[in-house]
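**Q** Below is one structure. I have some questions about it.
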Protein chains: 2
Amino acid sequence: MEHVDKHAVKAFLLSLQDQICQSLESQDKSAAFEQDEWQREQGGGGRSRVLRQGSVFEQAGVNFSHVFGTKMPASATAHRPELAGRSFEAMGVSLVIHPNNPYIPTSHANVRFFIAEKEGEAPVWWFGGGFDLTPFYPFEEDCQHWHNTAKYLCAPFGDDIYEQHKVWCDKYFFLPHRNETRGVGGLFFDDLNEWGFEKSFAYTQAVGNGFIDGYLPIVQRRQDTPYGEREREFQLYRRGRYVEFNLVYDRGTLFGLQSGGRTESILMSMPPLARWEYCYEPKAGSAEADLYENYLQPREW
Amino acid sequence: MEHVDKHAVKAFLLSLQDQICQSLESQDKSAAFEQDEWQREQGGGGRSRVLRQGSVFEQAGVNFSHVFGTKMPASATAHRPELAGRSFEAMGVSLVIHPNNPYIPTSHANVRFFIAEKEGEAPVWWFGGGFDLTPFYPFEEDCQHWHNTAKYLCAPFGDDIYEQHKVWCDKYFFLPHRNETRGVGGLFFDDLNEWGFEKSFAYTQAVGNGFIDGYLPIVQRRQDTPYGEREREFQLYRRGRYVEFNLVYDRGTLFGLQSGGRTESILMSMPPLARWEYCYEPKAGSAEADLYENYLQPREW
């Protein structure tokens, strides 16, 4: 029987959270992460970290959680009867970064592992995750760097992995009521177990580790770009879309809220400030129109 | 056969929108409603009105819509097979008001009518609606006035109507993930047809007309209350809850977004500006704590 090393996954996730926080802190310099350790009544808990009012990051939330129970909730086994009667563990790192400078994109990453076990039987498990980028004032070279990072890390796992998970990301981070993608996408995958544990875990590690490689160079390139009220207002307006996506469509957010997850950790993805404006439309030919016209539908990078 | 006068309902709704807009304009003085008339491809349309950056109201959206079709969508008839194969009309007025001054509560009202018809058969129809109040810095007398208005208008329709629809409102405008009501409630009803058309319509008119009676005196009483950054910040923070409720739970919003409604009209309920703050808690004994401790669970008025 294949060895499914959940302890190695947990160790990776904890270390990933550490590394990402350290990278962001050393980039921001003026602010540090605060940490809250929390327990879940039904089993497990987490380590939530937030950096606020930094010089670069208005807010960065980087959460680790590991929840478990002796019995799967009925709602979770209705469509997966093979899980009924099993104990389960779900663990992951999830992060959302809201920078100050509107020339730096918002970014999100998540890696997660689920396992349901029963004595004498093979465990049922899968990995999921990805990362995606949400620019306000996009630069082609930034998006290309982001997607090249994704391509590069996917390559060892198969010729079509980038393409598959890139398309999945475009489909997942889409707002039908706006007919817009959330941003320029990246990678998204779920239910990954067909590769076996070792390769699936290696890929999940590559995705988790790839986030900083993809994001930090963009932050460094844009953090000193001068901006004014116009750019700030547009950033706040577009953050409204982020709120709409997360609260209306994001499965992780909705499942978390509905299943009694820790609300403050789940909603750490919300922007510190967001704006709505009835019937706003960017002026033709403006930098804002460039976002709408060239970056909010799936495209090749 | 009972006469179901849908034209009278429509005339009432259009006139209600006019009256509410006029009342709000004459209260604000410095700003006027702009109007957008829109058409729905599949049938019908609406008249959206928004007042922005007023001296009293940061934003007030007051929408009328009347949509119709020759055939009910399958999703809508799955649980109501008696509607299959019927033409339908849905009409209503819906409003959300976001005042500048944090001492004025946010308010919402809605009245709606649905009818599904088939030649030679009695129409299937119902009314729904209500109004609810969301204070930031609540005053007992304001909440009592609001609920007294509700009690007074309900009284002619039955001894227990206020109590029933008040409880329904408390249950509907509740955020489970926060364990908080959205505010101090008011009235909520749906599927009302058991009284017959005439009485149901009369009640719906009373609710629609009652909104201004309930709200304007509160606006007048609080609009000149001095406030500073602290109150503004708390208002923006609590507006985040309004966003959470509307996007995660509100059936009208979600149905509208999912059924291809006019996004800009539906999301006119979003606040112009909202704020989230990880793990915010009001200081013990503060005015903010008073809201949390005394107004965010159902109570008698």
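The backbone N, Cα and C atoms fix where each Cβ goes, and this holds for glycine too.
Relevant sequence annotations retrieved from Swiss-Prot are reproduced here:
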type	residues	note
BINDING	B:Ser94, B:Asn110, B:Val111, B:Arg112, B:Gly260, B:Gly261, B:Arg262	substrate binding site
BINDING	B:His98, B:His108, B:His147, B:His177	divalent metal cation binding site
ACT_SITE	B:His108	active site, proton donor
SITE	B:His177	site 'Important for dimerization'
REGION	B:242-277	region 'Important for dimerization'
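Give me the local environment of each listed feature.
**A** Remark: B:Gly260 (substrate binding site) has B:Gln42 as non-local neighbours, by Cβ distance under 8 Å and separation of at least 6 in sequence.
DSSP classifies B:His147 (divalent metal cation binding site) as helix under the three-state reduction.
For B:His108 (divalent metal cation binding site), the same-chain residues lying six or more positions away in sequence with a CB closer than 8 A to its CB are B:Ser94, B:Leu95, B:Val96, B:Ile97, B:Phe131, B:Asp132, B:Thr134, B:Ser269.
Under 8 Å, Cβ to Cβ, and six or more positions away along its own chain, B:His177 (divalent metal cation binding site) finds B:Glu244, B:Val248.
Same-chain residues lying 6 or more positions outside the region 'Important for dimerization' (B:242-277) and placing a CB less than 8 Å from one of its CB atoms are 36, 38, 40, 42, 46, 48, 50, 52, 58-59, 61, 63, 65, 73, 94, 96, 98, 106, 108, 110, 134, 173-175, 177-178, 182, 233, 236.
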**Q** Which whole number of Å gives the largest C-alpha distance between any two of B:Ser94, B:Asn110, B:Val111, B:Arg112, B:Gly260, B:Gly261, B:Arg262, the residues noted as binding substrate?
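**A** Output for substrate binders B:Ser94, B:Asn110, B:Val111, B:Arg112, B:Gly260, B:Gly261, B:Arg262: max Cα distance 21 Å.
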**Q** Under 8 Å, Cβ to Cβ, against chain A: pull out the ones among the binding-site residues B:His108, B:Val111, B:Arg112, B:His147, B:His177 that qualify, in sequence order.
**A** B:His177
**Q** Going by DSSP, is B:Gly260 (substrate binding site) part of a helix, a strand, or coil?
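**A** Reduced to three states, the DSSP call for B:Gly260 (substrate binding site) is coil.
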**Q** Starting from each candidate's C-beta and looking 10 angstroms out, tell me which of the binding-site residues B:His98, B:Arg112, B:His147, B:Arg262 has the most other C-beta atoms.
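**A** Result for the most crowded candidate: B:His98.
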**Q** Taking only the Cα atoms, work out how far B:Arg112 (substrate binding site) lies from B:His147 (divalent metal cation binding site), in Å, as a whole number.
**A** 21
**Q** Could you round the CA separation between B:Val111 (substrate binding site) and B:His147 (divalent metal cation binding site) to a whole angstrom and send it over?
**A** 18
**Q** Report, in whole Å, the straight Cα-to-Cα distance of B:His98 (divalent metal cation binding site) from B:Asn110 (substrate binding site).
**A** 15
**Q** Three-state secondary structure of B:His177 (divalent metal cation binding site) from DSSP?
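**A** Coil, per DSSP.
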**Q** How big is the Cα-to-Cα gap, in Å, between B:Arg262 (substrate binding site) and B:His147 (divalent metal cation binding site)?
**A** 32
